[in-house]
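> The ATP binding site annotation in TrEMBL covers G158, I159, T160, N161, S162, G163, K164, T165. Marked as coiled coil by TrEMBL: 589-676. Positions annotated as compositional bias 'Basic and acidic residues' by TrEMBL: 804-824, 867-881. The compositional bias 'Polar residues' feature in TrEMBL is assigned to 891-902. Taken from TrEMBL, the feature domain 'Kinesin motor' applies to 71-497. Look at TrEMBL and you will find 718-769, 791-824, 838-909 tagged as region 'Disordered'.
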Amino acid sequence: MYHICKLHTIFTTLRYYEKLQTEVLTRVQQQGLQFKTLSNSSQILVTMKPTRGKTPKKTPRKVNVNKTKDPVEVYSRVRPLEDPNGSICMKITNSTTVQLTPPENSHAYKNGHYKESTHTFKYVFGPETSQKAMFDHVALPLVEDLLHGKNGLIFMYGITNSGKTHTMQGSMQDSGVLPRCLDVIFNSLGDLQAKKYVFKPDRSNGMDVQTEADAMMERQKKELMPFTQRTPSTPRRKDKDDFSNMVRVPDTTRLSGLIEDNMYSVFVSYIEIYNNYIYDLLEEMPETITPKKPYRLFGMASDNQWTLPSKSLREDSNHNMYVANINEVEVKSADDAFIVFLKGQKQRKVAHTKLNTESSRSHSVFNIRLVQAPLDPAGEEVLQDKNEICLSQLSLVDLAGSERTHRTKTSGDRLREAGNINASLMTLRTCIEILRENQTNGANKIVPYRDSKITHLFKNYFDGEGKVRMVVCVNPKAADYDETTHVMRFAEVTQEVQIARPTGPKFDIGLTPGRRKAHQMYRKMLEQEGGTPGANLAQTNRPIITLGPPFPCLQMNDPNEDVIANLLAFLVEREKRRNILESERLRKEEAFRARLQDFEKEAEAVKAENRDLKKEVERYKKKLKLHDSEKESINREHAGVLREINNELSNKDKQLQKEIQEKEKLRLALKGVQQSEKERWEKEMGKRVMANKMEYENRLWVKNAQLDQLKQIVCGNGEVEGAGDRDDVEMEEDKPKPTQVLNRSQSPPPKRTAPPVKIRHRRSRSTSNTVWVDHKPVSTLDTETILQPVGPKKKKTVNNPSVKDLKKTDNYMVTHQEEDSKGEVETKIYKAEVLPTRGGGRAVQFTDVEKLKTGSPTNSPPSRKRKSDEGDGRSPREVEARCSYGYESKAGQTQPSVNHTVPSKKFRK
């Protein structure tokens, strides 16, 4: 619409010019002047080819043209102690000097270095210095240079746990150097930013420029039109980090002095140098179904991490080093840039060491590139000339801390990382020392920039392509004295290096200043007159674009006056302007026609694609209906089969349960039969054993008696043999008969038994708090005895216990009654423990039995003791003869000896 408006304005101007030309010819003819010469001159001017002036190119920047050199500015920041009562080795003497004192436990003190050392910096920031004061002093001048087309570099250098990352990033409430740089840049740009995608990286460390229409089309493709994937990927878990909810306190500083006739855009990139390899932290890997091995073992944890390819360093046409094929994100606000930084920070390498919980294991570089280009002569779009684009860059480098393995206690991958970190820092120090030596002694040594990626990337800064500043972060505690000494020496060497002062680019290309404001005023005037640009322009008598001042006075009072010459010069100038406007109109017509053709082609392509998509949609709809009907039939068939299977399964379950119950009944019956048969056999075998025992005891007694008689016969003396016949007769008569001997039973000797101790119960029953299951069958009789069994307090009496009852207890008791051999009722209480089984069931293990028995007092068992008047059927003579022999065992004898004692006559009588 806007281009149509401009074409209408040009046509109106041409009509106005033709009207003026007709009026001039009429007035000349009225005065009787010859217009032949003027006509010929006009024809000559019309046939001349119009020329358009080109904008002059920007003066190329030359290296080291300005011989003025500045030293590298090195600042020092002392972090506060974690322990306020801890010992320190550093003292700030003034705003530019610090003093180091070696502690007694340091290597320097042990080696005999007792002297204090003094080190000077550009400025020393104490522990009480705020982030704002530090930023205003160090980084704000570099931000101002960035806005004016100059490059800048800031290093954060120091040992592990010295506060480098805090100085660079800060916190949400108190931002560090990086967020404040972004805030100041966007506060200063304001409305001077170009629309998105007007500038595009060309992947060669440069920028391309395109028109507003092309940028709008690209915005629609990338931002408005949804991106549809060909193959739907597996749904991933959403990122837990919601950066939009973060609240950060911004810096409100704003710089002035920007060129209002330029358009600006900001691009950011974030890389890290890990183990001397460069990785793009903003690279997004496609989500696939099969996950890859994550390349990072430590850091912010993320569920979707992929193997990132390493990047290479290249040199552009201006001999500047850059990282090839990295993502440069165009941002339009400080919050957008900070969110990009946080996304890259999630993939940065950090690890836990003894000195720091989150120690950086790589060098990180955050680049801020500012693109600016002048507006066209109309002041509405960026000038479509790539040579007029100016690029400036501010690099913020957070170096990994130098560390000693005996202090950090690193091993494995951490040890390899520490070695690469120390090697890269040593290369940086070597390059600085060689630069100082070349400048001081006039030497021409080759600086080994290529030995490390960090030095190779920023070698242009040390060659004079921008300002370099270094912030040395120091931990003042005494344990870090030895490492801090090396850092201070490196800082002193760095300050002695001189870098050529860069010259700013020239933005004056010969165009009229104030083009932006003029265009804005023009747009505002159109809106006030017609409501929208291009409305009611046909009623405007005065053209917006004129061919110059009004016609001069054409009245001729004297033939010698130069009216004709003045008019000729005036018309020549107007003709020149007309040709310029005509060429501009033709150019814009061609551009508009080409753009319109592109739109028509694209519209036709979209229509064709839309038709194809509609056909595809209809085909898929038919296919979907067919699949739905098939699905319904399959579902019905599946439901019928499922019902049949469920019915069959339920019948099988019932049959299985029935078989299990029958098997259980059979098992219980067999168990009962087995138990009764076992008890019967035990009783019968007990009787047989007792009978055999009695029989063997009787036989043994008879044999002993025979042996005793044999001993009397063998070992008897003459006195016994010469006894009277009466005595022999009496002894013969007193001998027991074999039948009597067989019927005698010898009482077993008394056995010493220990007092009864019940060891089954491992603890007192009163301490148990479990519930007993008391199984009392229905046929249990009440004995009506005075002494009744006292069971546990917590018990559950059941007639037929189930599995459910046994699952809730650990103790079980069953009452059993039977009739003994005398016809009395004997009650037995079996006690058992309920134990869980591996299959999830319960097992009962009997541990004890208690018996309760009643009997008649008249049917008491006979006493085992013999009465004194009961004899064993032996005569006194036989007893006397037997008692006259004795067995004696003496020391040293293997067999007992037999002693015979003759009773006295008095005893005989």
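All positions are counted from 1 along the displayed chain.
Positions of Cβ are set from backbone N, Cα and C atoms, glycine also.
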> In the region 'Disordered' (791-824), how many residues does DSSP call helix, how many strand, and how many coil?
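Once the DSSP states are binned, the region 'Disordered' (791-824) shows 5 helix, 13 strand, 16 coil.
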> Given the binding-site residues I159, K164, which one's Cβ is surrounded by the fewest other Cβ atoms within 10 Å?
I159
> Let me make sure I understand the structure: which of the binding-site residues listed (G158, G163) has the fewest other Cβ atoms within 10 A of its Cβ?
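It is G163 that, of the binding-site residues G158, G163, has the fewest other Cβ atoms within 10 Å.
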> Is it possible to get the count of other C-beta atoms within 10 angstroms of the C-beta of T160 (ATP binding site)?
23
> Taking the Cβ of N161 (ATP binding site) as centre, how many other Cβ atoms lie within 10 Å?
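Result for N161 (ATP binding site): 23 other Cβ atoms within 10 Å.
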> With H, G and I counted as helix, E and B as strand and the rest as coil, say where DSSP puts T165 (ATP binding site).
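Looking at the DSSP assignment, T165 (ATP binding site) belongs to a helix.
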> For T160 (ATP binding site), name the DSSP secondary structure in the helix/strand/coil scheme.
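Reduced to three states, the DSSP call for T160 (ATP binding site) is coil.
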